[in-house]
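Worksheet for the structure shown next.
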Amino acid sequence: MKKTHITEQKFADLGLQPQVTEGLEKKGFEYCTPIQALALPVLLTGQDIAGQAQTGTGKTLAFLTATFNHLLTTPEHEGRQPTQPRAIIMAPTRELAIQIFNDAEPLIASTGLKAALAYGGESYDKQLAKLQDGVDILIGTTGRIIDFYKQRVFNLNNIQAVVLDEADRMFDLGFIKDIRFLFRRMPEPKERLNMLFSATLSYRVQELAFEHMHNPEHVVVEPAQKTGHRIQEELFYPSNEDKMALLQTLIEEEWPDRAIVFANTKHKCESVWGHLAADGHRVGLLTGDVPQKKREKILEQFTKGDVDILVATDVAARGLHIPQVTHVFNYDLPDDCEDYVHRIGRTGRAGASGHSISFACEEYAINLPAIEEYIEHTIPVSEYDASALIQDLPAPIRMRAPRVQQRRTNTGGTRSGNRKPQGRRPRQPRQSAPKQS
């Protein structure tokens, strides 16, 4: 969790339980972000909320603080067994569930409440053992939670707090039937504290809130512009044959501390990964079919700085807390306008600055007008000198090789050809977007 000081509202002035305040203070959290300052006073009165806030705004800490505080101030149901959860936090992806659990650890330590994870792609037996040790707060994805429920590992009769994170993404991924299945097996909405968070409060999200929450108050934190003002956006129009060389030239020029390269398909991500790995970059691959253990390892390496570049599909565009991402490269412009916002939102988080570089190539330039209409501004265009691009690129590594390369080495020599691009034209923001034929 990233320390921020965005409002003058202090956690210490909210009337939280001392154990909760202690956990926050030990991690250095003193002031609330806007979503925390708006949501927590409402939640601490026992009022449900449907919150609209994008990733990177501090919403995870908001609902964790409210959940832990609610369980400390609300007597548990009479006759409850230690294996029966009192709170449930549902996330659309296992990576997000893991991140929520990690963010909860300071509060787990300070309050003594027990939390457990339940998500697919990892050993059922290991998670079962954790649940059988006792659980107050269950964090996970709906599929594995339902698996445990149907095996009668626990019931949902004692639920006193519910969080649905990234609700719009739940719809996108087709999990809404699972969500309704779980909601219908919990106590009535008025008997529990309900929290829903979504990047957009669309009609279908509001309908879900109306159906399974008790008179929720809408809390909206929407920036004046959909893309953060701390993010420098830039657009290139590469030909298909220049696209990979341009990416590698820009990486050589920018030399980002931590970058994410987004492509639209698994196959394209593997291709980009192969080229970057062959060129000696410390690069990881994150797509939907990468085994869970390897996904966790790659994310850990990326977060620690052992991997500099992460090549990913949109599976990584939402929900993941990856601090200090300096650059986002949209190798492919996304088909969904909202995905553009979520992708570049990986950088420029919590007050930091960031740089987003997008390619409007021959295949995906058609997506640009809709994206610019959605973000309500044109993206500044830069030109490049094709003759200055890196020419001597090695053949890409195929996927039989490991997905994460070892630390990059410097031989001290120079490579032949135009290895260091010279004479690239200065980047000039456009006056208006050029038309694509």
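Using N, Cα and C of the backbone, Cβ positions are placed for all residues, glycine too.
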Correct range for motif 'DEAD box' (source Swiss-Prot, candidates 125-128, 165-168, 289-292): 165-168
Of 9-37, 328-356, 386-414, the range Swiss-Prot labels motif 'Q motif': 9-37
Tally of DSSP helical, extended and coil residues in the domain 'Helicase C-terminal' (245-390): 61 helix, 23 strand, 62 coil
